[in-house]
Amino acid sequence: MQKKIYIKTFGCQMNEYDSDKMADVLNASDGLIKTDKAEDADVILLNTCSVREKAQEKVFSDLGRLRELKLLKPDLMIGVGGCVASQEGDAIIKRAPYVDLVFGPQTLHRLPEMLKQRRSTGRSQVDISFPEIEKFDHMPPAKVEGATAFVSIMEGCSKYCSYCVVPYTRGEEVSRRFDDVLTEVAGLEAQGVKEITLLGQNVNAYRGEMADGEIADFALLIEYIAEMEGIERIRYVTSHPKEFTQRLIDTYAKVPKLVDHLYLPAQHGSDRILAAMKRGYTSLEYKSILRRLRAVRPNISISSDFIVGFPGETDEDFEAMMKLIDDIGYDNSFSFIFSPRPGTPAANLADDTPHEVKLKRLQRLQAVIDQNTRRYSDEMVGSVQRILVEGPSKKDADELQGRTENNRVVNFSAGPNAAHLIGQMVNVNITQSHAYTLRGEIVVKQ
């Protein structure tokens, strides 16, 4: 019987990409196939996130449940990867001695050897080193199902924002070679992928070495990918305002395949708090980027991250953040109460704001963003949107589902025998808007 692997992914799209690579590596080396049921698996991997404390504690909660499964299946291999693994290392084994593997984001390509060592020695294996970009040299060619795919173009972050653990868990910024990225995208194009999302903690800091030794920036990478005929849409996450160059803005004017949606985390709107966060820009500089971008893409949708209750945040600071939100008119946003992460400078800052105050601020911020989201969705009713059909609707198998350029899910009926439309671009007339989705009808060519 073919052995199976179950992977649970926490956190960001980088982790989703890494989880796919874990499955690819272990399929190529050991023939493991993916399963959606942990109880059916021979290997279980938790790909973790340490950005917020809640996500970290979920991991140890899951490990507690897996302990019971291991008692029933002694040969079961349990591994912890990702940023919690990188941060905690051997401490995971001490807290949960039944864990067999602990590996960081940069060492997932070593999983086959780690499994082999665990089985031969009987000892838990830990490898949380930072061998720069080595892991991409050991990956089998990407295999995908569907019309969309992620491609990691760089690893790590060198910004060292005062609240963030990423530089400590994923290392400094290292870019993949230019031709390696293009080769991966071309391979995905050959499999029918129409939409590529370029991934990195700070994608617009990309500096990839070309075959002639020259260095390509992020804008050039986008331009080359856009030349691939089969790729119809290009997205990217996450970008940093400090690295958002005029060249990248000019690329929006030149490359129609670059979607009308930008995720550009502001984190706050108070210059005093932005300085304490070590973000490297002011609210005015942030707004200047979007003003120049909207000059070439007037209809671009903007989303962001916001941290509420950063240590020392006053009512005045919070109002500055609300003003930024009002000035920009965000389409949507991820927002959270500040979560101090061990080892970061912000974890040592005095914080005397009551939790109840932070919670009220968060609720107010989210209410405004939700109102914006609903307003933008309502304004789309009656328009015809170009949709990339991703598959059957999750709520009605007789309908299809796809996304607009501004990343809204659209459910629509396309009549009988419409499965051939999956993976295609179609025009859909938007007829209804809901909180987070749209409904529509396919536009039939006359």
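Heads up, the Cβ atoms here are built off N, Cα and C, so glycines get one too.
The feature domain 'MTTase N-terminal' is assigned by Swiss-Prot to 3-120, with sequence analysis given as support. The [4Fe-4S] cluster 1 binding site annotation in Swiss-Prot covers Cys12, Cys49, Cys83 and is backed by sequence analysis. Swiss-Prot lists 143-375 with the feature domain 'Radical SAM core', giving sequence analysis as the kind of evidence. Sequence annotations record features per position, and here Swiss-Prot assigns [4Fe-4S] cluster 2 binding site to Cys157, Cys161, Cys164 based on sequence analysis. Summarising the annotation, Swiss-Prot assigns domain 'TRAM' to 378-444.
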| said: These are the binding-site residues: Cys49, Cys83. Which one scores highest on other Cβ atoms within 10 Å? | reply: Cys83
| query | Quick one: which residues besides Cys157, Cys161, Cys164 have a Cβ within 8 Å of the [4Fe-4S] cluster 2 site's Cβ centroid, in sequence order? | reply | Lys159, Tyr160, Tyr163, Val165, Val166, Pro167, Gln201
| note | Residue counts for the domain 'MTTase N-terminal' (3-120) under DSSP, helix then strand then coil, are 67 helix, 22 strand, 29 coil
| note | Spacing of the two Cα atoms, Cys49 ([4Fe-4S] cluster 1 binding site) and Cys157 ([4Fe-4S] cluster 2 binding site), in whole angstrom, works out to 15
| task | Determine, to the nearest whole angstrom, how far the Cα atom of Cys12 ([4Fe-4S] cluster 1 binding site) is from the Cα atom of Cys161 ([4Fe-4S] cluster 2 binding site). | result | 18
| Under 8 Å by Cβ from Cys157 ([4Fe-4S] cluster 2 binding site), counting only residues of that chain that are 6 or more apart | Cys164, Val166, Pro167, Arg170, Glu172, Glu173, Gln201, Asn202
| said: Treating G and I as helix alongside H, and B as strand alongside E, what does DSSP give for the domain 'TRAM' (378-444) in helix, strand and coil? | reply: 6 helix, 33 strand, 28 coil
| note | Cα-Cα, Cys83 ([4Fe-4S] cluster 1 binding site) versus Cys161 ([4Fe-4S] cluster 2 binding site), nearest Å, comes out at 16
